[in-house]
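J.: Annotations per TrEMBL:
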{"type": "DOMAIN", "residues": "B:139-280", "note": "domain 'NADH:quinone oxidoreductase/Mrp antiporter transmembrane'"}
{"type": "DOMAIN", "residues": "B:308-462", "note": "domain 'NADH:quinone oxidoreductase/Mrp antiporter transmembrane'"}
{"type": "TRANSMEM", "residues": "B:38-60", "note": "transmembrane segment"}
{"type": "TRANSMEM", "residues": "B:80-107", "note": "transmembrane segment"}
{"type": "TRANSMEM", "residues": "B:119-138", "note": "transmembrane segment"}
{"type": "TRANSMEM", "residues": "B:144-164", "note": "transmembrane segment"}
{"type": "TRANSMEM", "residues": "B:171-194", "note": "transmembrane segment"}
{"type": "TRANSMEM", "residues": "B:221-246", "note": "transmembrane segment"}
{"type": "TRANSMEM", "residues": "B:267-286", "note": "transmembrane segment"}
{"type": "TRANSMEM", "residues": "B:306-328", "note": "transmembrane segment"}
{"type": "TRANSMEM", "residues": "B:335-353", "note": "transmembrane segment"}
{"type": "TRANSMEM", "residues": "B:365-391", "note": "transmembrane segment"}
{"type": "TRANSMEM", "residues": "B:412-431", "note": "transmembrane segment"}
{"type": "TRANSMEM", "residues": "B:451-470", "note": "transmembrane segment"}
Amino acid sequence: MTTVIMRTTARAVVPIILVVAISLFFEGHNLPGGGFIGGVLTVTAFAIIYMAFGLDFLERGVLGRDVDPGKEHSRDRVVVAYRRLFAYGFAIAVASGLGPLLFGEPFLAQSFVMLEGVPIYDHLEVASALAFDFGVYCVVVGGLLTILSVVGAE
Amino acid sequence: MTAPPVGTESQLVIAPMLVVLIAAVGSLLLGHRPRARAAVSLAGGAAYAVAVAAIDWYVVLAPDAPGIATYQVGDWAAPFGITLVADGLSAFMLTMVAILGVCSLVFSTRHLPGGEGRSYYFPLFHFLALGVTGAFLTGDLFNLFVWFEVMLMASYVFVAYSGGPQHTRAAFWYVALNLLASAVFLLGVGGIYATTGTLNMADLAQRLADPAAYGLEPVPVVGLLGLLLSVFAIKAGLVPFQFWIPTAYRAAPPQITALLAGATKKVGIYAIIRLSFTVFAGAEVAVDLPLPVIDAAIAGDSPLPFVGAALFVMGTASILLGGIGAVGRDSMEGVFAYSSIGQVGFIAIPVAIAATTASPELRRFAIIAALVFALNHTLAKGLLFLAVGTVRAATGTSRLNDLGGLASRSPPLAIAVFIASLALVGIPPLSGFFGKFLVFDAAARAGNGPAIVLLLAGSLLTIAYATRLWNRSFWGARTPAVEAATVDPVQVAVLVVLATAIVGVGVGFEPVYEFAQTAAEAALDSEGYVDAVDPQAADDLLGSSGGEH
C-alpha cells in the first residue's frame with residue numbers, strides 16, 4: 001500500500017479530513033454532527049496515516065521516539081495514550097453531566113450563552129453541550145484508535 | 001420550560017445510576033493501580049447499596065413515602081425527554097440486584113481471572129450494573145433498548161473474558177444471537193412508535209387505554225408486543241430461547257455468571273411484567289385465540305391473555321427442559337445453568353396466571369408469587385454460582401468427576417451451598433419455600449390443574465439434580481484436587497452472608513412479602529404510573545400558547 005501515490009494523497013487528504021472533523025464536532029449541538037461523528041472522521045484520518053506510513057510512523061516519525069521492534073504493539077506508548085484518552089473522555093462526559101447538579105438542575109441539563117460583538121465571528125454561541133460532546137469525541141477517538149492499532153498489529 | 005420541583009425523592013431516582021457511572025470512571029482512570037481500583041469499586045458498590053436502600057425507604061416503604069418518583073433527565077419534559085421512574089417494582093428489582101451485586105463485587109476483589117484484560121474488569125462490572133440499573137429505572141421504551149445494549153456490551157466482553165477457544169466460540173454465538181435480538185427489539189420499538197406515535201411508557205399506556213381520543217388503530221400493538229416479548233424471553237432464557245445459556249454461563253467468570261443469572265435474567269422478567277401489566281394491560285384490543293391452551297378465559301379485551309398463553313407454553317417447556325437437562329450435566333456450572341432455565345420457568349408460570357386471570361385479586365397475588373420466587377432465585381442461584389467460583393479457585397476444576405468430599409474440606413462452604421440447594425428445592429423456613437409455596441398457591445387459586453402437575457414435576461426434578469450435585473461433589477471420598485485445595489476465606493464469607501440472607505428472608509418473611517406486595521401493586525397500577533410521569537404536561541405546553549407552564 002505504501003506507494004508514492006498513496007503517501008502523497010495522504011499528505012493532502014489528512015489535513016482536510018481533520019478540518020472537516022473538527023468543524024463537525026463544533027457545530028454538533030444544533031446542526032448535524034457532534035462528538036461521535038467528528039471522532040469517527042478523525043479516526044479515519046489516523047487510519048489513512050497508518051495505512052500509508054505504517055503502524056510505527058506516529059511513534060517514530062511524529063513523536064520522535066524509538067520503537068523496540070520486538071515489543072508488542074499494544075504496549076506502545078501511543079497506544080497507552082489512546083487508552084488514557086478514552087478514560088479521560090469518559091470522565092469529561094460524566095463530569096459534564098454531573099455539572100448541572102451543582103446548579104440545582106437535573107443530570108445532563110444544558111445551557112448556552114450568546115456572545116455578541118466577537119471579532120471575525122460577530123456573534124458566537126457557547127453551549128455547555130460542547131463539554132459533553134468533547135467527552136464523547138475523546139471516547140470515540142481513543143476507543144477506535146486503540147482497536148485499530150491493536151487489531152491492526154495482529 | 002420550568003422543571004417540576006426537584007425534590008429529594010426525585011433526586012434519589014437517578015442516584016444509583018450516577019453512583020455506578022462515577023465508580024466506572026474512577027476504576028477506569030485508576031486502571032494501572034490494582035489496589036486503588038478495587039477500593040474505588042468497593043466504595044462504589046457500597047454507595048450503590050446505600051442509594052438503592054434510600055430509594056426503597058424514601059420512595060416506597062416509608063409511612064409517608066409517595067410510592068413512586070420520577071426524574072426528567074436533562075430537564076426535557078415527558079413524553080419528549082427521557083423519564084426515569086422508581087416505583088415499588090423497580091425498587092424491589094434494584095434491591096435484589098444490589099444485594100447480589102455487592103456480594104459479587106467483594107468476591108471479585110479476591111479472585112480476578114484473566115491477564116491483560118484485568119484492568120478492565122471493574123469498569124466493565126460497573127457498566128453491567130449500570131445497564132441493569134438503567135433498565136429497571138427507565139420509563140422510556142427506546143431508552144430501555146439502550147440500557148439493554150449497555151448491559152450486553154459488558155456481558156459480551158465477560159463471556160469472552162478468559163480468552164480460550166471455547167470462550168471465544170461461546171462469545172461469538174452470544175454476540176450473534178443478541179445482535180439478532182437487538183434488531184428484533186428495534187423493529188418492535190419502531191413499530192410501536194409508528195403505531196402509537198410515542199415511546200414514553202406512561203404516554204403509551206395512556207394512549208393505548210383510549211385509542212379513539214388519539215386517533216390510533218391499536219391492533220398491530222399485539223403483534224409488536226409479541227416481538228418485544230421474544231426479546232425479553234431471550235434475556236430471561238425461556239425455552240425456546242434458552243440455547244445460549246449453558247455455553248455463555250460456562251464461559252464467563254463465575255462471579256459474573258452469578259450476576260447474569262441473578263440480575264440480567266431478572267431484567268427480562270422485569271421488562272415482561274412492566275410492559276405487559278403497566279403499559280399494555282389497558283390497551284383495548286380484542287384478542288381471541290383459537291388455541292384452548294389453558295382454559296376458556298383466553299379471550300379478552302387486552303393483549304394480556306395472549307401474553308399469558310405464550311408465557312405458559314414457554315414456562316412449561318423451560319421447567320421440563322431445564323430440570324431434565326440439569327440432572328445429566330457433568331459440571332457444577334452446567335447443572336446450575338440448566339437449573340436457571342427451569343427456575344425462570346417457575347417465574348414465568350405465575351406471570352402467565354396473572355396475565356390470563358380475570359380477577360384483580362388473583363392477578364396481584366400471582367405477581368407477588370413471581371417476584372418472591374425471583375428474589376429467591378437471585379439469592380440462591382447467585383450463591384451457587386459464586387460457590388462454583390470458590391470451588392474452581394480452590395481446586396482448579398468444577399467437574400463433578402474430579403470433585404468429592406468438599407464438605408469435610410470446607411464445612412462453611414458446604415453449609416452455604418447446602419442452604420442454597422435447599423432453597424432451590426423449597427424447604428421451610430428458607431426463602432425458597434415461600435417462593436414455591438406462593439407459586440403453587442397461585443396455580444391452585446387459578447384452578448389450573450395442569451400447572452400444578454407441572455410445578456410438582458419441576459420440583460421433583462429440582463430435588464433430583466440438587467441431591468445428585470451434593471452427593472457427587474460434597475460427600476464421598478476426597479479426590480486429589482480437593483485434597484490439595486485451599487479455600488479463600490473472604491469468598492466463603494461472602495457465601496455465608498448470602499446464605500444468611502436466604503435464611504433471613506425466610507424467617508422474617510413478613511416485610512419481604514409486604515415489599516413484594518407493594519411491588520405487585522405498582523406493576524398493576526397503570527394509572528398511578530401515568531399520573532406520576534404526567535406526559536400530558538408537555539402536550540399542554542405545545543398546545544397552549546402562553547399557558548401557565
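Yeah, the Cβs are placed from backbone N, Cα and C, and that goes for glycine too.
Because TrEMBL annotations are produced automatically, they should be read as predictions rather than curated entries.
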J.: Top stretch among B:38-60, B:144-164, B:221-246 for CB pairs under 8 A with the transmembrane segment (B:267-286)?
T.: B:221-246
J.: Residues sitting near the transmembrane segment (B:119-138): Cβ under 8 Å, six or more positions beyond its termini, same chain?
T.: 13-14, 16-17, 20-21, 23-24, 27-28, 31-32, 34, 37-38, 40-41, 44, 48, 82-86, 90, 93-94, 97, 101, 104-105, 108, 112, 144, 146-155, 157-158, 161, 256, 259, 263-264, 267, 270-271
J.: Residue list, the transmembrane segment (B:144-164) vs rest of chain: Cβ under 8 Å, 6 or more residues beyond ends.
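T.: Residues 113-115, 117, 120-121, 124-125, 127-128, 130-132, 134-135, 138, 170-171, 174-175, 178, 182, 185-186, 189, 235, 248, 251-253, 256, 260, 264, 267, 271.
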J.: Same-chain Cβ contacts of the transmembrane segment (B:221-246) under 8 Å, 6 or more residues past its ends?
T.: 148, 173-174, 177-178, 181-182, 184-185, 187-189, 191-192, 195-196, 208, 264-265, 267-269, 271-272, 275-276, 280, 283, 285, 287, 303, 306-307, 310-311, 314-315, 317-318, 321-322, 325, 334, 337-338, 340-341, 344-345, 347-348
J.: With a Cβ cut-off under 8 Å, give me the same-chain residues at least six positions beyond the ends of the transmembrane segment (B:306-328) that come close to it.
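T.: Residues 222, 225-226, 229, 233, 237-240, 242, 246, 272, 276, 280, 287, 289, 291, 293-294, 298, 334-336, 338-349, 351-356, 451, 454-455, 457-458, 461-462, 464-465, 468.
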J.: Near the transmembrane segment (B:451-470), which same-chain residues lie under 8 Å Cβ to Cβ, leaving out any that are not at least 6 residues past its ends?
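T.: Cβ under 8 Å, 6 or more out: 312, 316, 319-320, 322-324, 326-327, 329, 332, 335, 338-339, 342, 345-346, 349, 353, 400, 417-418, 421-422, 424-426, 436, 439-440, 443-444.
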